[in-house]
C-alpha cells in the first residue's frame with residue numbers, strides 16, 4: 001500500500017451517496033496508532049483506491065467510560081467541517097461490536113512526535129510560526145462555524161505528507177452555546193484560568209491554547225508544567241510565565257498577548273495572523289494554503 005501516492009482526483013466521498021459503508025469495502029494496512037478506545041489503521045477504499053485512516057472503536061469500551069455522547073458529538077461536528085487545516089471525517093459505519101470512522105490520512109502523524117524528534121527538542125522559529133499560523137486559520141474557521149475545540153495540544157494536531165497541520169480529535173469540542181460552558185475538559189497544561197476556576201468560557205479557550213502551543217513549539221514543554229497538578233493550577237491562575245533566553249522578543253510579544261488572564265483581553269485570531277512575528281517568520285513559505 002503506497003502511502004504517499006494519494007490519487008488527487010477522487011476521494012471516498014465520490015462513491016454513490018446512498019452507498020452503505022462496510023469493512024469489506026476497505027483493504028486494511030498497518031496500524032497507525034493505539035487509543036484508549038480502539039486503534040487507527042491505514043486503509044484503502046477498494047473502489048476509489050483512496051488512502052484513508054480507519055479509526056476502529058470498541059462499543060464496550062465507549063460504554064464503560066460513558067463517552068458515547070462524546071463520540072456522537074465528535075462525528076456530528078467533524079463531519080460538517082471543511083478546511084485545509086481541519087482533518088476530514090469522510091463518513092462512519094458500525095457493526096455489533098465496533099464503530100468505524102473514515103478519516104483523512106495525515107502521513108507525518110502527530111505534531112507531538114515530530115516536536116520530540118527535533119535535535120533541541122523544539123522547533124526553529126519559522127517552523128513554529130508556520131504551525132501557529134495554520135492553527136489560527138483553522139480555529140478562525142471553526143469559530144466562524146460556532147465550534148469550540150477545547151482540547152488543542154500537539155497530540156491532537158497532525159501533519160500531512162506536505163508537512164501542513166490538521167486539527168484532529170474533536171471529542172471535547174462543542175457547538176458554542178449561548179449559555180457558555182462550565183465543563184472542565186481538555187489537558188491540564190493547556191487549560192485557561194477560567195476553566196480551572198470553573199467559570200463559564202467561550203471560544204477564547206482555544207486562543208489561550210494557541211498561546212500555550214506557540215510556547216511549547218518554541219521551548220519543547222508548555223509554560224505551566226510543574227511537579228504537581230496543584231502547582232500547575234497555581235501557575236495558570238496567576239499566569240506566571242518564564243521565557244527561555246533563546247526566545248526572541250517577537251515570539252514573547254505574541255505569546256504574552258495570547259496568555260492573558262481575562263479572556264476578552266486575548267489577541268483576536270485576526271490579529272494573530274497579522275502579528276509582526278507571524279508575518280515575518282512565515283513570509284518565505286512557498287505554500288499559499290498555509
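In case you wondered, yes, glycine gets a Cβ from its N, Cα and C as well.
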> For the ATP site that TrEMBL gives with 36, 104, 105, 106, 155, 156, 169, which of 20, 25, 47, 55 also belongs there?
Replying inline: 55
>> Around the C-beta of residue 105 (ATP binding site), how many further C-beta atoms are within 10 angstroms, looking at every protein chain?
In response: 22
> Roughly how many angstrom lie between the C-alpha atoms of residue 36 (ATP binding site) and residue 151 (active site, proton acceptor)?
Replying inline: 16
> What's the CA-CA gap between residue 106 (ATP binding site) and residue 153 (SUMO2 cross-link) in angstrom, rounded?
Replying inline: 16
